[in-house]
Every structure is written in structure tokens, then in C-alpha cells.
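As recorded in Swiss-Prot, the features of this protein are as follows:
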type	residues	note
ACT_SITE	142	active site, schiff-base intermediate with substrate
MOD_RES	115	N6-acetyllysine
MOD_RES	219	N6-acetyllysine
MOD_RES	237	phosphoserine
MOD_RES	256	phosphoserine
MOD_RES	269	N6-acetyllysine
MOD_RES	286	N6-acetyllysine
MOD_RES	321	N6-acetyllysine
MOTIF	1-10	motif 'Nuclear localization signal'
């Protein structure tokens, strides 16, 4: 006998409830972890790819990327760079087999202050996806939300029809500049903002709605909706499910497999907290930012300045680790070391 509709409804997981008013995205490079949670989209970053590339399950992809780098030839540096681009695309292509939507693939964080290099690298990634038979409509290119990154996003969207996901976003200034650039999606971070406040203030714990990361994303969401920006707001970097529930109703939320699992086991009732209608009532005023005013406003936010630079360094460090890993596999093995 099937359970009654009332009981079924009561037992609906927080994850299923969340999916009714927010697009759920899986934040992982481990595509075997995606099946269980049935997300719409998925996001990757250099740290996630580095972690996945060290798992036994994914060594075939690593070998394929290495073979590709060798085949293209050139200097050792060129071969490594081509192998890494290919590895990111191979992971993205496998993830796309498991989701109906889009995957985000990140441009090397070491290019975060070079607009033209970011544009070139993004176009290269899209070309590799095309070679794999994947349309650019299923890809979001992730770029750091520096001034240069935001302008690279604007150029990619306007001139090349390449959709961008602006990441490492911590300040209201970054969010406003991204909206004005007309990028497809932003990833304002939640947990890393909380981390900063816990480390740098006397307050060590917060209720979800008072969480500084939650408040930051709420303000950005309300601003975008009040002034009818089309850019999607995708909350990212969560430390607990309380933060996620406090942002229910946000356009998209990208969530790690661990927290997706917790939401799946949670049967508490979930209600939307954010809404476009409520955003209209916010007292936010529209602002315009050129480069000078962007840099000033962003610089006024100590947390955002520190977390953006820290985030770039961390992603860059993991890119270097990935390079070393591939160098070891590609060249030291050849030399019998």
C-alpha cells in the first residue's frame, strides 16, 4: 500500500523542497557523487579538480589528458598547460553526461589580473568542449571577480557569446560591477565570509539569518531583483545547511555533496526566504561603478579585499600542485626518475 499524500509530503526532504524554488547545483569534481542528488547544474574549480584527479577512479581521464598534451607537443610548459585544459574539459564532459544543465569550468586563477589572457584561455576551453561535441551553451566559464576578470566576462559575453560565472565574489562592489557587465551568473561566497568574521571579530557563531555571508548574498539578490538585472545569483561556499536554508529562494545555490547529503536526510519544512517580490521593498539605491569607483568601494571592504586575494592565491596554489602532478607523470616517468 502506498503512503498517503499527506505523509509523503511531510517526509519530503529539505533538498526536494529546496528544488521547488531554487535551482540546485552540485559543487564537485567527483562526478560519481552527482547521481544521488540529481542537481540541475554542476560547478568545478581547480581545488576540486585537483582532489578528483588524485582519486583512483579518475586515472583514465588523467592519462587521456596527458596523452593529449604530449600529442600537441611544444615546450614542456605548453604540454602541461594543454594537458590541464584538457583535464578540466574531460571532467566537465563527464559531469555533463549526468546533469541536464550546465557545468562551470574555471580559468587559471593566475590570470586574474590579465583580461586578454583570461579571454584567450576561456575561448580555448570552449574550443576544447566543441571538439568533444559539447555546445558552449552548456558551459559557464568561471572567472575571478577582479576588475579585469569582470571586463573579460563582459567581452566574452558580448563578443563571443560565451556564458560566464564570476567567482570569488565577496563585496557589493563586485556584484554591482558584474551586473553592469551583463554576465550570465555570479557566485557570491557565503562560508568564506563567515570564516573571516569568525577569525577577525569577537563573535564566533551566528544564527543563519544573521550570518554575514547570508546577509551579503541577500543584499546582492535584492539589488539584482529590485533593478531587474538578468544576471543569475548563485550562492556558493557553504559551511552548514543553516546558511543554505536561509537563502532558500535564491536563483541558484551550489552545494557540496556532503551538504547535499545532509539536506537529503533532513525532513524539516523549508520555506523560501528570498523572493523577487520582497526585493522590491528593499531600500537599496542604484549605483554605477567605473573602474576607479569600483576599486575604491571594493577596497573599503577589508573582508572582501582579503578573501579575494586569499581565494586567488589558494586556487593558484592548487593549479601549481596540479601542474606538478602532471609534470611528474608526463616527464619524470619518461626520464626514469
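Yeah, the Cβs are placed from backbone N, Cα and C, and that goes for glycine too.
Recorded features from Swiss-Prot, shown on the structure.
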{"residue": "115", "record": "N6-acetyllysine", "DSSP (3 states)": "helix"}
{"residue": "142", "record": "active site, schiff-base intermediate with substrate", "DSSP (3 states)": "strand"}
{"residue": "219", "record": "N6-acetyllysine", "DSSP (3 states)": "helix"}
{"residue": "237", "record": "phosphoserine", "DSSP (3 states)": "coil"}
{"residue": "256", "record": "phosphoserine", "DSSP (3 states)": "coil"}
{"residue": "269", "record": "N6-acetyllysine", "DSSP (3 states)": "coil"}
{"residue": "286", "record": "N6-acetyllysine", "DSSP (3 states)": "coil"}
{"residue": "321", "record": "N6-acetyllysine", "DSSP (3 states)": "helix"}
Next on the checklist: Given a separation of at least six residues and a C-beta threshold under 8 Å, show me what packs close to residue 286 (N6-acetyllysine) in the same chain.
Outcome noted: 227
Next on the checklist: If I take the alpha carbons of residue 219 (N6-acetyllysine) and residue 256 (phosphoserine), what is the distance between them in whole Å?
Outcome noted: 23
Checklist outcome for this item: Across the modified residues (115, 219, 269, 321), the Cβ with the fewest other Cβ atoms inside 10 Å is that of 269
Item to check | Nearest of the recorded positions (115, 142, 256, 269, 321) to residue 237 (phosphoserine), judged by Cα-Cα distance | outcome: 256
Next on the checklist: When you rank 115, 142, 256 by Cα distance to residue 321 (N6-acetyllysine), which of the recorded positions ends up on top as the closest?
Outcome noted: 142
Item to check | Site with most surrounding Cβ atoms, counting all protein chains shown within 10 Å, from the modified residues 237, 256 | outcome: 237
Checklist entry - When the Cα-Cα distance from residue 256 (phosphoserine) is computed for each of the recorded positions 115, 142, 269, which gives the smallest value? => result 142
Item to check | residue 269 (N6-acetyllysine) and residue 115 (N6-acetyllysine), distance between Cα atoms, whole Å | outcome: 45
Item to check | Mean of the pLDDT scores, which run from 0 to 100, over the motif 'Nuclear localization signal' (1-10) | outcome: 48
Item to check | Local Cβ density at the residue listed as 'active site, schiff-base intermediate with substrate' - other Cβ atoms counted within 10 Å | outcome: 27
